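Taken from TrEMBL as is:
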- Y211: active site (ACT_SITE)
- H219: active site (ACT_SITE)
- K249: active site (ACT_SITE)
- 3-70: domain 'TSEN34 N-terminal' (DOMAIN)
- 183-265: domain 'tRNA intron endonuclease catalytic' (DOMAIN)
Amino acid sequence: MYLTLLNGTGFVFNVDDYMELRSKYRIMGAPVGTANTKGWSPNQSTLPVELSKFETQLLLDENIAKLVDKSMDLKAKPTAEKVEKCKADFESRLLGQEEALKTEKLRETERYIDKILTGKRKKLLKQRKNETAAALTAKDVLLEMSANFRFDRQNALLEVPCEHPTDHSAQIVTNPIVSTNSLKYRVFKELWKRGKYVTSGDAFGADFLVYPGDPMIYHASHIVIVHETPVIKPLELIAKVRLSVIVNKSCIFAYKMENDEEIHYETVAWCNPGK
């Protein structure tokens, strides 16, 4: 599996790759693409999927995927042969749209052929063309429809392919995306190895969100705050715990002790003394 390097992190353009990452490896990412027929919406996004830097680094460390840089090839000036091929492919796609629209128009005409045929015969009778009206058949109507069909290319749909439509070269990226020794990355990786679904917690003022299952089905159960030391200011502690209560989640602080590389986790709950 290959991830494409963009804006300093990995992107997934293949739908099968993304479904494998999501269902098999619990990697969520964030769809950032726009649907073909609709404007961009955060609730209706599609491929490509942008992975967080932690997700990208995890996939590299676990040898699940390779990160590639395609910028050199895709930014290079195309040859005359490539330009002509691109124009031919574009023309082919337009012709495909034209044929599909024409077929749909004929199918729609066939669906209401009786009403259309009756209307045309009445019009011919008003024009005193009795013989033409009597001879008119459904086949004649369909042939007329097919002959008069015109496809306005200004109304053609713009195709947004998930993957690049042509073959191209790329360079394998070997440099790490994030420091594998950073505490945040270690926390992310450790929680993932425990079988959790882990996503960014920015929307909740946290470092990570932890889910008991696929986020499409489950709400997050915990927010995770990463601290370099076990020392935290009282007001910050109160703010984070109260926030977790408001969003109905448990609050976990992840930290390490001085001269101790082991990660410690502590869950803090808000208690009401009056109850």
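The chain as shown is numbered from 1 upward.
Cβ atoms here come from the backbone N, Cα and C positions, even for glycine.
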Neighbour count (Cβ, 10 Å) for H219 (active site): 12
Counts by DSSP class (helix H/G/I, strand E/B, coil) across the domain 'tRNA intron endonuclease catalytic' (183-265): 27 helix, 24 strand, 32 coil
